[in-house]
There are 2 protein chains.
Amino acid sequence: MGEFELIDRYFRRDGAPSPQVPLGIGDDCALLAPAPGMQLAVSSDLLVEGRHFLSTADPRRLGHKALAVNLSDLAACGARPMAFTLALALPSADEAWLAGFAQGMFALADEHGCELAGGDTTRGPLAICITVFGEVPAGATIRRNGAREGDDLWASGTLGDARLSLEAFRGTLSLPAPLFEQTRLRMEMPQPRVALGQALRGIATAAIDVSDGLLGDVGHVLRASGVGATIEAREAIALLAARVNARPGDLPDDAAQLDCVLAGGDDYELAFTAPPSAREAVLEAALNSGTAVTRIGRIEAAPGIRVLDADGRAITRRFASFDHFA
Amino acid sequence: MGEFELIDRYFRRDGAPSPQVPLGIGDDCALLAPAPGMQLAVSSDLLVEGRHFLSTADPRRLGHKALAVNLSDLAACGARPMAFTLALALPSADEAWLAGFAQGMFALADEHGCELAGGDTTRGPLAICITVFGEVPAGATIRRNGAREGDDLWASGTLGDARLSLEAFRGTLSLPAPLFEQTRLRMEMPQPRVALGQALRGIATAAIDVSDGLLGDVGHVLRASGVGATIEAREAIALLAARVNARPGDLPDDAAQLDCVLAGGDDYELAFTAPPSAREAVLEAALNSGTAVTRIGRIEAAPGIRVLDADGRAITRRFASFDHFA
């Protein structure tokens, strides 16, 4: 199977050009046509085997995740997904793998009205580079630099389960089979909070998607905004979904659970800030987008992040965030 | 050196947000603001070590080439470069390599007013994924499907030298040192024909950039346009720049030279079509953009490509184009 047959068979789909993508796969460039008054939000992520996923990963789940991590960046900015490009390096043209990968990717793309507009394929160690395009009204982008003293700090969905699953894969802990499957699904099929991101336009003062770990990612918001934060460990630890179904002894101790929540990474939830006066609006945005949100702390003038235990005492041990070159 | 320090040191540049990139590196997404009436042309290429470049490649030249191959796609569509994203997998944070790579990339980017808007860095086998954005007036994009019977077939610049250099690297032929350096420069520092592409808007009926080999790439134009072509071998072989400085015996025989020109790949020139009535306009576009152009054949109704020798006889041997999965 040649390169162009591969593209035709797995990645080209029928259908007339759409108003937002007037020219798709098959020319030197694709064309995007944002509506008048809209700006284009762009994000690019590169996933490498052994680093971002295991060689044994189900190709359907991998296709989903490769797009999900990019859609998550659009969500954090409040942008509506339009299109994406896919650049793929493959060790070989494995048809079963390609069919599964395309199926998982397009299922998520269709869910978000996001069209594959073009890309590149080459032979090489498995690597997946997706660049995603979304549209956002000029001036309405939710940025990282808008958090203000007194704002609430919120998190969407659940946090820490992906890391729990990764540690089980690594063998540093063991989980009962049902809990392992549950957490594994969180690691392999993250749900980008696209609807929530758009619903938070005009409400959230700052947002980021949690990819490297909550503390590290919130840290980016705080530095960009020139503020600090306090996080309640009790609120945070409750975000670990595995706690809901766990029996006594199923999970590592609370300190290890808190590590997963605060510094786990691979969550693809949104962390965002909003003034207390907007609490009703935040909860309504969450309801309308079908996404749970939890208030986990507050923004303060003093730089840095403080994590408080149930008694209001600062937890002083270090939580390491994920850094590809640390 | 951590991931964010790496980005700050080598890829973040000072300067206020520009009108076309109101938000650059440092948030979840970058923002692009095409001017009213403009569409956004997008292209993505993935370069992998051992496949697209050798591990010994000079990082400055590699930085140049990684962006050049993308700008070449914009050129083929007649788009004006605006911005690009860079996703980079690196085996290690090698500072000398990073400094060289950034220098080569930014030198070419500055030449074309193209801003680095965002991206991603991760550890992994060396891979470079650039996605480039250009703007083009709605309806003015030069596409592949507009070639018509009777059109001239043109090529810009020179063809085949990159392949000659690659074969010398591979040891299948040897070149005198000055010729080797000359052809190596063509392989490692291709010049995207950005100004020519824009000058050909409204003149060329179809265009493509020559990346996989002239015949293969022209074949895409012909199939998209539902036509065929005849190419004059005499005109084509003259496009090998190495012929100008070569002494007798320096180069392989004419048949091998023709192979390099017709099927060599890695040229990043433009192949384009235009009606004979537009010859003056084509030459003026070439002059205004400082790029040589050569008429190498004509578009005909019969599908396929015929290559004619100096006596007007069809050359029947097969010229293989480059295919990453063939």
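Including glycine, each Cβ sits where the backbone N, Cα and C put it.
Record check: TrEMBL places A:D28, A:D73 at the Mg(2+) 3 site, and the matching candidate among A:D151, A:D152, A:D161, A:D209 is A:D209.
Per Cα geometry, A:D28 is the residue among the binding-site residues A:D28, A:S43, A:D209, A:S211 nearest to A:D120 (Mg(2+) 1 binding site). The number of other Cβ atoms within 10 Å of the Cβ belonging to A:S43 (Mg(2+) 4 binding site), over all protein chains shown, comes to 31.
DSSP places the residues of the domain 'PurM-like N-terminal' (A:26-136) in helix, strand and coil in these numbers: 36 helix, 46 strand, 29 coil. A:D209 (Mg(2+) 3 binding site) carries a strand DSSP state (E or B). In this structure, the CA atom of A:S43 (Mg(2+) 4 binding site) is 15 Å away from the CA atom of A:R144 (ATP binding site). With A:D209 (Mg(2+) 3 binding site) as the anchor, the candidate binding-site residues are A:S44, A:H52, A:D73, A:R144, and the one with the nearest CA is A:D73. Geometry remark: A:S211 (ATP binding site) versus A:D266 (substrate binding site), CA distance 5 Å.
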